[in-house]
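Peer 1: Here you go, one structure.
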């Protein structure tokens, strides 16, 4: 049975993270906890920034709230489907569902990349050109950077999805991954994938490396500025404002480059699955903690959010509920 002349496969089977069924329960529990922490952690960041009028109109935190939103969308594109497969043992996904998952995964991943570059640019202007910060990082400039990030990433994703849709999958429908990604699908295609590979390594590299160059140049200038600060305390204080962002950038770009910019012939399901877990689950989960642990303004915003919670749900009301211990 054929849907058209290009494919004879109606659905795919995602092989998941482990082939050992006795591990499914443990994997489901671990990744469910990670997913809940990711969604709740990033949601708290968004709410804390939205509740603080000053933070919401500060470029760094405006970008951070958008990054948290993208991280929720990014991890939600792949993890719920993977969890359902680990829980039920049914890892089947339709052909259209597979392409849709790949589209949104690439789109949110590239948006993440562009937002990290925008945040690096913001830190560069704040530290290296502080007198021009108010005029350079104006509100409409920040809106333009975020809007461009979303639009460009979806156009980029559309290109790769259209190229993938022209391929035939007639030999195997077993995808050696826990979600529909570019290289695992190219691996099982029975068509000539040279054009797809070329586009990934050229246009894809241009997009990702372009954002990485912005990050690299920004932090090179920041480092030079920090080294010129005479006091050790001043250096420490200045570096602490961008150190957390540098950690996130290293985790995200390190694993992305490892997976996507190696020769497609060297694709290794085991190694690339581990790397994919890092940038699809671990990094989005750690981001809220990395950005708040050493950030006094975010800690203050979180305390204000906590105070708001107790205004809406007073402690006395909570204690008088069955779970609050006030009812005998």
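Positions of Cβ are set from backbone N, Cα and C atoms, glycine also.
Keep in mind that TrEMBL annotations are predicted by a computer and have not been checked by a curator.
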Peer 1: According to TrEMBL, transmembrane segment applies to one of these ranges: 84-102, 122-140, 141-159. Which one is it?
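Peer 2: Transmembrane segment, as annotated by TrEMBL, spans 141-159.
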Peer 1: According to TrEMBL, transmembrane segment applies to one of these ranges: 206-227, 294-315. Which one is it?
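Peer 2: From TrEMBL, the annotated transmembrane segment range turns out to be 206-227.
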Peer 1: Please find, within the list 2-25, 26-49, the residue stretch that TrEMBL describes as transmembrane segment.
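Peer 2: Spelled out, TrEMBL records transmembrane segment over residues 26-49, not the other listed ranges.
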Peer 1: Which residues of the chain, 6 or more past the ends of the transmembrane segment (206-227), have a CB below 8 A from one of its CBs?
Peer 2: 110, 113-114, 116-117, 120-121, 123-124, 127-128, 152, 156, 235, 238-239, 242, 246, 249, 253, 256-257, 260-261
Peer 1: What residues in the same chain, six or more past the boundaries of the transmembrane segment (141-159), come closer than 8 Å to it by Cβ-Cβ distance?
Peer 2: 59, 62-63, 66, 103-104, 106-111, 113-115, 118, 121, 199, 203-204, 207
Peer 1: Going along the chain, which residues at least six beyond the ends of the transmembrane segment (273-293) come within the CB cut-off of under 8 Å?
Peer 2: 17, 31, 34-35, 37-38, 41-42, 44-45, 64, 67-68, 71-72, 74-75, 78-79, 109, 177-179, 181, 244-245, 247-248, 251-252, 255-256, 258-259, 299, 302
